[in-house]
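Annotated in Swiss-Prot:
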- Gly208, Glu209, Pro210, Gly211, Val212, Gly213, Lys214, Thr215: ATP 1 binding site (BINDING)
- 393-524: coiled coil (COILED)
- 3-148: domain 'Clp R' (DOMAIN)
- 84-148: region 'Repeat 2' (REGION)
- 161-342: region 'NBD1' (REGION)
- 343-544: region 'Linker' (REGION)
- 554-760: region 'NBD2' (REGION)
- 761-853: region 'C-terminal' (REGION)
Amino acid sequence: MDLNKFTEKAKSLIQSAQMKALGAGHQIFMPEHLLKVMLEDESGLVQDLINACGGNVQSISDAVDSAIKKLPVIEGPGSGGLQLSREIAKVFEDSIGIAKRNKDSFVAVERLLQGLTAQKDDTVGKILAENGVTPQKLNSVVAEMRKGSSADSPNSEEKLNAAKKYTKDVTELAMQGKLDPVIGRDEEIRRTMQVSLRRTKNNPVLIGEPGVGKTAIVEGLANRIVANDVPLGLHDAKVLALDLGALIAGTKFRGEFEERLKAVINELSRAEGKVILFIDELHTLVGAGATSGAMDASNLLKPALARGEVRCIGATTLDEYRQHIEKDPALARRFQPVFISQPTETDTISILRGLKERYEVHHGIRITDGAIIAAATLSNRYITDRFLPDKAIDLIDEAASRVRIEMDSKPEVIDELERKVIQLKIEAEALKKESDENSKQRLKKINEEIENLNSKFADLNSKWQMEKNKIARIQETAEKLDNARKELELVQRSGNLGRAGELMYGVIPQLENELKNQEKVTDSFLKKEVTGDDIANIVSKWTGIPVDNMMHSEKEKLLNMENEIGRRVIGQKDAIEAISNAVRRSRSGVQDTNKPFGSFLFLGPTGVGKTELAKALAEFLFDDQSALLRFDMSEYMEKHSVSKLIGAPPGYVGYEQGGRLTEAVRRRPYQVILFDEIEKANPDIFNLLLQILDEGRLTDSHGKLIDFRNTILILTSNLGAEIMLKGNVDSVRNEVMQIVKSAFRPEFLNRLDEIIIFHSLTRDDIYKIIDVQFSYLQKTLAKRKLSISLLQEAKELIAQTGYDPEYGARPLKRVIQECIQNNLAKLVLSGEVVENDELIVYALDNEILVKKV
């Protein structure tokens, strides 16, 4: 027998059957072994053929098992060989004959099954015939399955039912009610149908940003086809989604992929327009399956698409369409673009209302209308790098998931009681070892308290369990109601009016009333609904922008913001007030939403607190002064340094990395940005800042829009510092502003919220700054368990030595470092100072000294 005449699948089954025979200890290879292996085959081809003939796979399998058990078993030496029986040889001979008569080049699996049914006098033939699989029935089923095609390659089985193997039936899913409802999008669905009903090039391609609902439009079309709400040309049409992964998976040799795809195309061509092929991520076809010299999937599809033999709907993003499809004009002209725009906030709210019930059933909670409106508005305002409705749906889903987790977790009051009981039990165990009267009295009191708490815990716990059970029942009823509604749609389509009436007027109203009554029960423990606050909380988690409702403590903190920051930044009341007002405007929601929270130009001599105020603001907002995004503009003096901020242009090194400014803001949209010594920056950088200050956005080198509306921009400059030192701020303001106007363009200055001139520091300010700096030193030493205090005469000497109006507060830091920290370091290293020592800073003979108390 020449195995080369058989397909790869048939060969594999024959070899598996031989192994089965050897494994069972049989020396003769019988048809029973072959049929058993064919029935166990994972591809399911033989099972499908038997079912199509009206046979029962399980009863055939049981009968074959009984027949195999009756075969003689050989043990001992010489039992390892295997011979072909006369019966199996006849099966192969008949199979080859059937294949030749049907003009097949190779013997496929179905021909082997036909060969088995042809053995009318053998055990296998009788088993099959008794179960309804006769040669006549099988021949007609195989002919129907083959649809005139022949086995002309070693992998011909893969061509059979290729559409079923490599596609997913979207209309079938719609019929089963497994697709989410599609709300709106009527114009886009109508346009898709319009293109699909053309005579040639009837292939719409849905082009839109990720998440705008391209796939949903195809699902909406499938729902309409099922509901018969389509033009006559689309009645009884099927929408099949191509599974490119399944098409490519397992293609070991060149040509296998092309063979599979060609089989799908041929099968769709034979459907004569009754099947629409949906290709999600259409751009993946370009280059798919192509090896050196081989054609890719798109080239195989082109002829069928041009002639209108295959009706296709593609979906891809704008970028991918431009990058892959437009590069191939021959492919592009076969598709008709249908542009899918992002829905508006109002449309998104309608979409969410339509989907609400599905998410309520899945999570077993209620979603309020306030949550739906918040999801649409907050996602549109704060999540700028994604698109509606996808981002709004994700917000609803995650907020519902969070509420569900909270429901399943132990309530805080019960958890606290449980911990308290454990704590008291530990204390009671310790007291049992004591014999004095006080301990006995305390033990008695603890036992009473434990008993009391246990009783309280039992009551609350049973109440919680009851509430959980009620919620489980509500979810169960909601699921039953959802399934009843799906069933109603199915029976209405199938014309079973009796069952439809039963569902519509009996089951569904009963379940609705039941659900209403169950939801009436008020609960004290568990939160069962998603509100706008939950959505705001998720937005805050995603973006880091505090959009959730402020706690009372935060409101107090914001109202006293000047005092908080004033403890750290001394002598700059105007600047602190301007910054505080900007933060309050943004958090209270009265800020213009199309520009940054605040943009300020800080002017003043060196060392007066310009950079320190930016750090203090970052610490106030984020409890972390490193949350400040700082750019030293002395690094951006060259013309080409603009690319450091927004990213290198295409073709240059570093293009993939993005810009320092744009990437930082994209990842963390809520932060303080400091441009230090802005006058040193290249003039081109001001052109970038104009866009940020005016519109609150900037486009990076990749073409992505970066949102700066949730940032505070602070620019510092030393311009006019020498004039400020001559007199007070009010008297020199005009002179300083003239210098500023000559350095910066009017359109730049005009876009700033405020230009703040910092005061020179007075001697009183210096004393306060010494206190602030000394408190930092005290905190550092406290970590080493050392305490230090500063005497008044030492403070006055530090102020006298470190005060220089021209240099501001920076000399103070140097004096503290040289006179106090250097002496401290020597004392610590010499061992004179150890843990828990008290130190004092004093002045003697115009010298600042440190000693142990």
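Glycine is treated like the rest: Cβ placed from N, Cα and C.
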Legend entry - DSSP three-state assignment for Thr215 (ATP 1 binding site): helix
Inset, instruction - Could you tally the C-beta atoms, other than its own, that fall within 10 angstroms of the C-beta of Gly211 (ATP 1 binding site)? - result: 17
Legend entry - DSSP-derived helix, strand and coil totals, residue by residue, for the domain 'Clp R' (3-148): 96 helix, 6 strand, 44 coil
Inset, instruction - Please list, for the region 'C-terminal' (761-853), how many residues fall into helix, strand and coil according to DSSP. - result: 52 helix, 19 strand, 22 coil
Inset, instruction - Could you name the residues, excluding Gly208, Glu209, Pro210, Gly211, Val212, Gly213, Lys214, Thr215, of the same chain that surround the ATP 1 site, i.e. Cβ within 8 Å of the Cβ centre of those residues, in sequence order? - result: Ala216, Ala315, Thr317, Ile340, Gln342, Phe387, Asp390
Legend entry - Spatial neighbours, same chain, of Gly213 (ATP 1 binding site) - Cβ under 8 Å, 6+ residues apart: Val182, Arg185, Ile340, Pro343, Ile351, Pro389, Asp390
Inset, instruction - Please work out the number of neighbouring Cβ atoms within 10 Å of the Cβ of Gly208 (ATP 1 binding site), leaving out its own Cβ. - result: 21
Legend entry - Residues near Pro210 (ATP 1 binding site) in space but at least six apart in sequence (CB under 8 A): Thr317, Arg386, Phe387, Asp390
Legend entry - In the chain carrying Thr215 (ATP 1 binding site), residues 6 or more apart in sequence that have Cβ under 8 angstroms from it: Asp280, Ala315
